[in-house]
Amino acid sequence: MAPSLCFRTFILQFMLLVFSILNTSLHASEPPLTLEYYASACPNLFEIVKKEMECAVLSDPRNAALIVRLHFHDCFVQGCDGSVLLDDTITLTGEKKASPNIHSLKGFRIIDRIKNNLESECPGIVSCADILTIAARDAVILVGGPYWDVPLGRKDSITASPELAEANLPTANEGLATIISKFLYQGLSVTDMVALSGAHTIGMARCENVRARIYGGDFEATSGSNPLSQSYLSSLKSTCPPVRGVGDNNITAMDYVTPDLFDNSFYHLLLKGEGLLSSDQEMYSSLLGIQTKQLVKQYAADPVAFFQQFSDSMVKLGNITNQDSFATGEVRKSCRFVNT
Ligand code: HEM
Ligand SMILES: *[C@@H]1O[C@H](CO)[C@@H](O)[C@H](O)[C@H]1NC(C)=O
Ligand SMILES: *[C@@H]1O[C@H](CO)[C@@H](O)[C@H](O)[C@H]1NC(C)=O
C-alpha cells in the first residue's frame, strides 16, 4: 500500500506542475468578457432566457440539471464556445456521441427554444455559448441555488472536438488524482473542483455509471473500498440490474434526499459515504484527498460558503475560453450548425 500511495502522490505533484505551466499559455490575451456585452444590442436578453428556463424547469426540474451539465461539458472542450451543441453533419463530427456524452447529455431543445426567441428579438447578436452560460445560471437559481453575474462576449466555435471530449471530461470511474488534474488543466483549482461537483446535488445518473459502485467486483469499481449502506444499496439494485447492457439508461438521483433542490445535501451524503458516483465519494474517502475532504466537510457544515464558492467557480468555469473561438468564432444562427 505504502509504495503505491507515494507513487501516486508523486504523479499528482508532477501533474500539478505540468498543468500549472500549461495553464499560463492557455489563457493568454483574450478579449475580456463583460457584464454589459449585449446591453445595447439585446437589452431583453436576460428576460428572454429567464422566461424560457422558468417554463423548462417548471415542467421538469431535471431540466435544470441538464442545462448545468451541458454548460460544463461545453467549457471543458475547447473552452465555452458552444461546441457541445453542434450536431453531426457530413463535414463536422460533433461531441454528442463522445463517450461521456452519448445517451447522457440532454436539454438541447431548451437551448434551441431560447435561441429561436432571441433570433426574433435581436437576430445574429447573442452567441450560443453565452446563451448556455446564462441558462445554466438561471437553472441553478430556479432550483434554489445562488445568483451570480454572468460575464458575456463568448463566440461560437466553427469546430467541435469529440477527441477532446473523450480526453478532457472527467468520468465516474476515474481516481481523484486524474480528476483533479483535469480541472487543473482547465485552470480550475481543487477548491473549484469540489465546489462545482456540488452541482450533483441535482440531477440523475444512469446505471451504466454506477453499476461498479453498486456491485463492485466484476464491474471494476475504482473505489470498492467505500461501500454503500445496505438500505441505499438495495434500492439502487432494484433500479440497476447487475448485468452489463441491461437497464444501462435507467436513472437514479445523485442526491436522493433532495433530488430537485440545489442545496448542500450532496456533501452530507459524502460524509455518510453515500455519494452515488464513485468519483464523488473519492473526494471525501480517498487517502489522497486530504484537501478535498476538508472542503467537503466545510461545504456540508456551511451552505453559505458553498453557495459563495459555487458562484465564483461557475464564473471561472464560464471564463474558460480559447484564442481560436475569438479569432475564428461566430454567432451561430442555429446552435446546432455553424453558419454557412
Ligand atoms: C468532478 C468531476 C465530475 C464527474 C466525474 C462527473 C460525472 C458525472 C456523471 C457520470 C453523471 C451522470 C451522467 C449519466 O449517467 O448520464 C453526471 C451528471 C451530472 N453532472 Fe457531473 N461530473 C463531474 C463534475 C460536474 C460539474 C463540474 C458539473 C457542473 C458544474 C456537473 C454537473 C452535473 C449534473 C447537473 C448532472 C446531472 C445531469 C442529469 O440529470 O442528466 N458535473 N456527472
Ligand atoms: C472572469 O473573467 C472576467 C472578464 O474576463 C474577469 O473580470 C473576472 O475576474 C474573471 N473571474 C474569475 C473568477 O476568473
Ligand atoms: C429500470 O428501472 C425500473 C424502475 O426503477 C425497473 O422497474 C426496471 O426493471 C429497470 N429496468 C431494468 C432493465 O431493470
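For all residues, glycine too, the Cβ spot is worked out from N, Cα and C.
Listed in TrEMBL:
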ACT_SITE  HIS73  active site, proton acceptor
BINDING   PRO170  substrate binding site
BINDING   HIS200  heme b binding site
BINDING   THR201, ASP255, THR258, ASP263  Ca(2+) 2 binding site
DISULFID  CYS42-CYS122  disulfide bond
DISULFID  CYS75-CYS80  disulfide bond
DISULFID  CYS128-CYS335  disulfide bond
DISULFID  CYS207-CYS240  disulfide bond
DOMAIN    32-339  domain 'Plant heme peroxidase family profile'
SIGNAL    1-28  signal peptide
SITE      ARG69  site 'Transition state stabilizer'
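Features as recorded by TrEMBL, highlighted on the structure.
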{"residue": "CYS42", "record": "disulfide bond", "contacts (Cβ under 8 Å, 6+ apart)": "LEU118, GLU121, CYS122, ILE125, VAL126"}
{"residue": "ARG69", "record": "site 'Transition state stabilizer'", "contacts (Cβ under 8 Å, 6+ apart)": "LEU105, GLY107, ALA199, GLY203"}
{"residue": "HIS73", "record": "active site, proton acceptor", "contacts (Cβ under 8 Å, 6+ apart)": "VAL84, GLU95, PRO100, ASN101, LEU105, ALA165, LEU169"}
{"residue": "CYS128", "record": "disulfide bond", "contacts (Cβ under 8 Å, 6+ apart)": "GLY82, LEU85, ILE111, LYS115, ASP156, VAL331, ARG332, CYS335"}
{"residue": "HIS200", "record": "heme b binding site", "contacts (Cβ under 8 Å, 6+ apart)": "MET254, ASP255, PHE266, LEU276, LEU277, ASP280"}
{"residue": "THR201", "record": "Ca(2+) 2 binding site", "contacts (Cβ under 8 Å, 6+ apart)": "MET254, ASP255, THR258, LEU261, PHE262, ASP263, ASN264, SER265, PHE266"}
{"residue": "CYS240", "record": "disulfide bond", "contacts (Cβ under 8 Å, 6+ apart)": "CYS207, VAL210, ARG211, ILE214, GLY247, ASN250, THR252"}
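Within the set of recorded positions ARG69, CYS80, CYS122, CYS240, ASP263, no residue has a CB atom less than 6 Å from any atom of ligand 2.
Proximity to ligand 1 (Cβ under 6 Å from any of its atoms) holds for these recorded positions out of ARG69, HIS73, PRO170, CYS207: ARG69, PRO170. Here the Cβ of CYS207 (disulfide bond) has 21 other Cβ atoms within 10 Å, regardless of which shown protein chain they belong to. Between the binding-site residues ASP255, ASP263, the minimum number of other C-beta atoms within 10 Å of a residue's C-beta occurs at ASP263.
On its own chain, CYS75 (disulfide bond) has GLN186, LEU317, GLY318, ILE320 as residues at least 6 apart in sequence with a Cβ closer than 8 Å to its own Cβ. Each of the disulfide-bonded residues CYS80, CYS122, CYS335 was scored by the number of other CB atoms within 10 Å of its CB, and the largest score is that of CYS80.
The Cβ of PRO170 (substrate binding site) lies under 8 Å from the Cβ of PRO100, THR178, ILE179, LYS182, PHE183, SER279, each of these being in the same chain and 6 or more residues away along the sequence. A 10 Å cutoff on Cβ-Cβ distances gives THR258 (Ca(2+) 2 binding site) a total of 17 other Cβ atoms nearby, all chains included. Averaged across the domain 'Plant heme peroxidase family profile' (32-339), the predicted model reaches a pLDDT of 96. Following the DSSP three-state reduction, the secondary structure of CYS75 (disulfide bond) is helix. Same-chain residues that are not part of THR201, ASP255, THR258, ASP263 yet have a Cβ within 8 Å of the Cβ center of the Ca(2+) 2 site turn out to be ILE202, VAL257, PRO259, LEU261, PHE262, ASN264, SER265, PHE266.
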